[in-house]
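Heads up, the thing below is written out as structure tokens.
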Amino acid sequence: PAGMPIARERIDSLQICKLIQCVRDRNRDQIRKLVASGIPQLVNYGEPQDGETPLIVAAKENDEDMVEFLIKEMGALPDFGDRGGVTPAMRAAEQGFVQALEALAKAGADMKARDSSGKNVLFYCIQPTERHAQCMQVALKHEADVNSAANDGRTAFFVACETADKNPACCRALLAHGANPDVVQRASNRTPLMAACASGSAEVALAALMGGADPNRVDKQSWTAAHYAAKGGHLSCLIALSGYGANFDAYDLRQCNPVHEAAAADRALCIKFLGQRGCNPKPKNADGETPRVIAKDKGFKECLKELRKVEKSYGRAGRNCERWALALYDWTVVRGADLQARLQAEFDTSGSGQVTLEDAAQTMLALGAPWTEDCAKKLGPLYDKAKNGSFDYRDFLLAKKYINKLYLMSAYEPKQKKGKGKKGKGGRKKKAKYPFEICVMPDEQMLRTAEGGPPIMFVPQVSNVTDAERFDRDRPPAHPLQDDSVWYVAAPAHTFVNINDAAKHGDLDSIKLALQKGYSTETRDRLFKTPLMVAAHYGNMEVAKFLLEAGADVNARDNFKWTPLHHACHAGLIDMVELLLKNGANIEAVALNGATPLLRAIETSNLNLVEFLLKQGAKASIETKTGEMIHEVVQIWGSAEVIDFIRTKFPIEAAKDGKGKGGKGGGKGGGKKGAAGGGKKSAKGKGSAKGSEGGARRLADSIVQAPAPAPRIEDEEEAHIRRKARILHDANALDGGYEEAEDVTAHPKGHWLEQPDTGSLLASKSRYRQRFGWESDFPDYRNPFQRNIWNKLEVEGAAED
């Protein structure tokens, strides 16, 4: 019986409470008196509150002697439960009291009994402790029903799988005693395999798969076990599923596959594995979002990186990455130890690592491997070293001969930084050391404007103050006095902009205003970059022309001794290079590492620019401070057409013979020493890093002298005083105190800044596309140098890294 009589009368309640207290006190004499003199069957009554019987209390106290006494001498029934139908055996198992449970089992307690929620004693044994595991063994030994389902449809194995990461031994014990690994919960249609994958226990998931669980079964949301494993980031569970034929390209009711779930949970390694094992990373879900969009919205950079890789490789036929090979390899990852142990025990007792192909195939099939005749035909010759029909199973388990290295488990391990090894006497030549790390302008040369203003490289930014409802770029005022917006529109706050940023974005008005206020065209930032260098790098022709007309130094040097011509060549801009050369740029200017603009042009793989520089007299017989000549540079940086051009025009032997004697353009100024503007070497090849700080200071002094302070910027108070003085001056003039001609020139308080109209902007946009290509309209645009690097990385297969 699951229930028992409950004490309802006053006298009954007092007697059963007294009996329970005597059980706790282990007072056997008093127990005998109460049972003999009390109401009939008092020992089987339950207390009025929770319905606990004296036997349940004894079981909760883990008092096996009292349990035996109550059952054998007092006649207590071991299957009477409390108000919830919980029997003494369940209470003992819940607390992990092995002795009490064994005493109840010996007394004939029914291990198949169920409480009011439909749970039997096995449900109460599911806890991550050793004592609970022993209780489960006791219950299983006494024929507890492992497939009994509770009222919610869950079996004990299902409940154990929900916390499989904490109690894998419990799950294995239930499977060993016949638990159904593919049972379905009625409410959600989930299976124990799904629960194990959600908890992250690859051991239990593998055991369920070995027991016959279906890896492709779906629940009411159409989720598979792979969805749960991907969401939790459990790569080992995905490997086990792959080894047993799981279809990863499965979609739920929201049209999400496992890659969507992995992207939403920031599981980069799972994305990599799923993409390699056939899960499509490109489709949109019901919300119109691809996995990459989901990862981008949540800011998961590692996921974005892996998604770009798998999107690129998905669907491509690669070598050593066929589906059958990957499934077999994943199976060997999870069952390789069992396979090796059985082969050694049955067929390779000598430990040679060699068995026959037939023995290996039969053993793998017996263990449930996805082995077919095609596998034998393709893999047999690979692992038959002696060509006698043998099979090297140890080499087979490594899988390096039939699986691409990017698909091996070693590709999922964290990369370790390589230590700096000592080079032997025959090692490569050490690279030259420079006397600084990164040269920046010293603080004492970082001048500021008057009265605590910003650093001198920040100039006042020009902004157009006008009524936008009256005037715009397509409706400018007819004459200066028409725009009186300045009298009623709030004046914007004074803002400053880095003069190099103004040159970068083409803010010519701010640059003109800065020069009018006394700023120099050689104003530099912390890295000694001038506005002309920035304009040359970003291809702003109008800014560059204006700066050159204003007297900017066309051969100025930055912290790496680059000139504006170096920057223009590095950006691959022929028109900018031509402009600088026409204005006196030194075509043989030598940078800090000994490179000339020609080498910078080679780095962009721009053949037209390389030809243009050579026609203008650039020398090809140049050598950097690391000992690299033009053929070595073009081999590293150049494209195929640039390499062919240089090798054809300058054969390698001729270049070696002419080393140091000057190439095209002749002259003794070529070679290591450099041309005018290159200066002397800043450091010897054997220089150490000890003088880093002093070297940076000396280099800074050699690049630029401290610029003269900018003129003071008049503030509002000073302007007010000046205007007041002017008013007093005019008042005295009216009284006849001064004799001077009256100036009737009108000076508007504000004036309209000339702005290009829409047509001019579109024409400018068209010219920009002609110069930089149609890709320049997109945010992922790369300049020629970046594009060259990207192409080389794609060839090497490391572009995403």
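Here the Cβ of each residue, glycine as well, is placed from N, Cα and C on the backbone.
Sorting each residue of the repeat 'ANK' (50-72) by its DSSP state yields 16 helix, 0 strand, 7 coil. Summarising the annotation, TrEMBL assigns repeat 'ANK' to 50-72 (among others).
As annotated by TrEMBL, repeat 'ANK' applies to 84-116 (among others). The repeat 'ANK' (84-116): residue composition by secondary structure is 17 helix, 0 strand, 16 coil, according to DSSP.
Residues 155, 157-158, 160-166, 168, 171-172, 175, 179, 181-182, 226, 228-229, 231-234, 236-237, 239-241, 243-247, 250, 252, 334-335, 368 of the same chain lie 6 or more positions beyond the ends of the repeat 'ANK' (188-220) yet place their CB under 8 Å from a CB of it. Under the heading repeat 'ANK', TrEMBL lists 188-220 (among others).
Mapped onto DSSP classes, the repeat 'ANK' (527-559) shows 17 helix, 0 strand, 16 coil. Residues annotated as repeat 'ANK' in TrEMBL: 527-559 (among others).
DSSP places the residues of the repeat 'ANK' (560-592) in helix, strand and coil in these numbers: 17 helix, 0 strand, 16 coil. Under the heading repeat 'ANK', TrEMBL lists 560-592 (among others).
The feature repeat 'ANK' is assigned by TrEMBL to 593-625 (among others).
The region 'Disordered' annotation in TrEMBL covers 656-714.
The annotation compositional bias 'Gly residues' is assigned in TrEMBL to 663-680.
Below 8 angstroms of C-beta separation, residues 4, 6, 16, 19-20, 23-24, 26, 28, 31, 43-44, 78, 80-84, 86-89, 91-92, 95, 97, 99-104, 107 of the same chain, each at least six residues beyond the ends of the repeat 'ANK' (50-72), sit close to that stretch. Counting same-chain residues at least six beyond the ends of the repeat 'ANK' (84-116), those with a Cβ under 8 angstroms from any Cβ of the stretch are 2-3, 51, 53, 55-56, 58-64, 67-68, 71-72, 78, 124-125, 127, 129, 131-132, 134-136, 138-139, 141-145, 148, 150.
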